[in-house]
Number of protein chains: 2
Amino acid sequence: MYKLEKIEGGVCAANGFYADGISAGLKANNAKDMAFIYADTMCEIASTFTTNKMAAAPIKHFKSKGDFKTNFVLINSKNANAMTGDAGVDDIEEVLSHLPSKAVNPVMSSTGVIGVRLPKEKLINGLAQFDLTQQNPTSAAQAIMTTDSFKKEIAFQVTLRDGSSFNIGAMAKGAGMINPAMATMLCFITTDADVANATMQKILDRVVITTFNAASVDGDTSTNDTVMLLSNSKSGAYDEEAFEDALHQIMEFMAKQMVKDGEGATKLVTYKVTGAKDDREAEVVAKALSNSLLVKTALYGEDPNWGRIASTVGASGAEAKEETLTISFDDVCVYEKGKLYFDAEMEKVAAAVMKKDEFTISCDLGLGSGEFTAFGCDLGYEYVKINADYRT
Amino acid sequence: MYKLEKIEGGVCAANGFYADGISAGLKANNAKDMAFIYADTMCEIASTFTTNKMAAAPIKHFKSKGDFKTNFVLINSKNANAMTGDAGVDDIEEVLSHLPSKAVNPVMSSTGVIGVRLPKEKLINGLAQFDLTQQNPTSAAQAIMTTDSFKKEIAFQVTLRDGSSFNIGAMAKGAGMINPAMATMLCFITTDADVANATMQKILDRVVITTFNAASVDGDTSTNDTVMLLSNSKSGAYDEEAFEDALHQIMEFMAKQMVKDGEGATKLVTYKVTGAKDDREAEVVAKALSNSLLVKTALYGEDPNWGRIASTVGASGAEAKEETLTISFDDVCVYEKGKLYFDAEMEKVAAAVMKKDEFTISCDLGLGSGEFTAFGCDLGYEYVKINADYRT
């Protein structure tokens, strides 16, 4: 028994965390492009990073540190510091060396264009604007955005049965190059729960599978994907089930927010695959659906073209049969185990579902008990517009 | 020593083959939508079909026949006869039963919308328009088109060292749902080469890997992909090397034509991957590149955004390293083994390559001797337009 209550405060909702965003001049028009998260005591840190073999310099820098505690995360947008080799890591060390001495074992996280050296002078000059006593989580959430059209933050107060409570809050960015196998998404979560570091990493690894790793905007896994979870234990309160539930709700919220904010996206679609031979095959099908260009353009056209769903299931590589497959749009079943009953009337009902901003496409493969749920979006003209000339 | 000479005649270029296309009323405005290929003697047949588990009824019908010779192929566009169950196969048998008795062991091939029963009355009525003495390969090639913007046919006369010669010709369709693992592409090839059936199937299986299976428009593998190769041995001439060379040139031409005619495509890009751990890994990388939405939209934007190439290589799952990777656009090397020398001048030169209708992106992974070449296209507004409301 515990209670989850949504509260304000983002990454500053947990006791002892400070954050702000400023303009260091990387983005045009003095838009915010550099943020910090600072904790007034040292924090345990759990993390998960991209599986892209061209992992960016900030990820190499983080991993080179081995086991460590920290109280400071520096984040910039507009430049990914990826494909920059050893020089990229050196740039990070130089920038971090200019932080005030209160920042212990600081780490960095970057997002933006790949293959350009970090404009370190601008960043170093920008550091002077930081005030570590500020609690402006929304400014921080804005500063880490790239093609995002809205900022992404959330926080919960978790009250346990004995009346004790802890807070957990997060900010994230991500709108394109999103196919987290652990995605260009960044997510920073802070908590004052009294959680042991080893447990925290295990829970994070578990939760990421069904949240960020289940989300796709375009099937492209970025060089910079990062989730960091910082805890300072200040509340003295902890319950594993409550903590995992809160973390799951936060990460699922952020994953859905990213897909909803998918470049040019107008719809958030949940792909619920059941009846697969096993969970792994269900995942293969769910991700094939969320990444299929033909499915995504049909969604954009609000066309209940279930034939493309069936074809994608068949092409996914997973075991599947025409005779056992069932496809539904929300509660409208359009194809059931070999029965073709998609007529003009049903097309009207199915088309009405497709007009919604959010709906579920269910595929039951009718073969076993494997299941997986993925989150995807449509693909329209705006996606092309945003990505045809991203760098300029 | 042999000579390949391009000739007119498409699927009627080989001695003894007849073909035509007519309107059976499936497409609007009396557009051609049904074609036949007829041979005046029985033919050996080699074939390769989609690996999609929802394979269409014509493919099930073909496979159910076991070993057979034939002299007749009936082809319709606008309806894929896929996801139609046993009834779909029954529909084929009924339609074929109305062919004249000269058609022995006839087979059928379909392309178009998935999940709608074949309008068999229209097809049966249309059969009356067929004249099996006609040699109108171009009409046949037009009748099998769906979203194709141009017809696809080619033929060669192959002259051997001893002066004997044979012909080989083909027609194909395909513009979307193209990711042949064996694709919605159809290709029909006819020859009068004196080739043994077992050899012909082996050669077809070999050639399909580096031609159709190396091509992708959208990464979606269709329910209907079919390549059929019919031979009647009438020329009495044959040479394996010459035959395979001609077949390879025909299938590579058709694969490239499909990609060039990719829905909304403006560019044909060859992805040449070398230096991979092995050929399989090179194939994984080449296909990841040709299917990446971020790469495809950058191509459309004519933006030499090599960072997306690097990121896609890294995300492909193949072994890859920032320090050993080299990326070129035609002969302009933009990134070489950790060296970041992409400046404004090079950007101008690289951008000039991107403005071409056809060019090559080369990635040398610097790890081994594995190589693979894939064919892809850009993705622009037209792709979205064509696919957002394909069925109407």
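The backbone N, Cα and C atoms fix where each Cβ goes, glycine too.
The active site, nucleophile annotation in TrEMBL covers A:Thr184.
In the three-state DSSP scheme, A:Glu263 (substrate binding site) falls into the coil class. The feature substrate binding site is assigned by TrEMBL to A:Thr146, A:Lys173, A:Thr184, A:Glu263, A:Asn387, A:Thr392.
In sequence order, A:Asn387 are the binding-site residues among A:Thr146, A:Lys173, A:Glu263, A:Asn387 whose C-beta falls under 8 Å from a C-beta of chain B. In this view, the densest Cβ surroundings among the binding-site residues A:Thr146, A:Asn387 belong to A:Asn387, judged by other Cβ atoms lying within 10 Å. In the three-state DSSP classification, A:Thr146 (substrate binding site) falls within coil.
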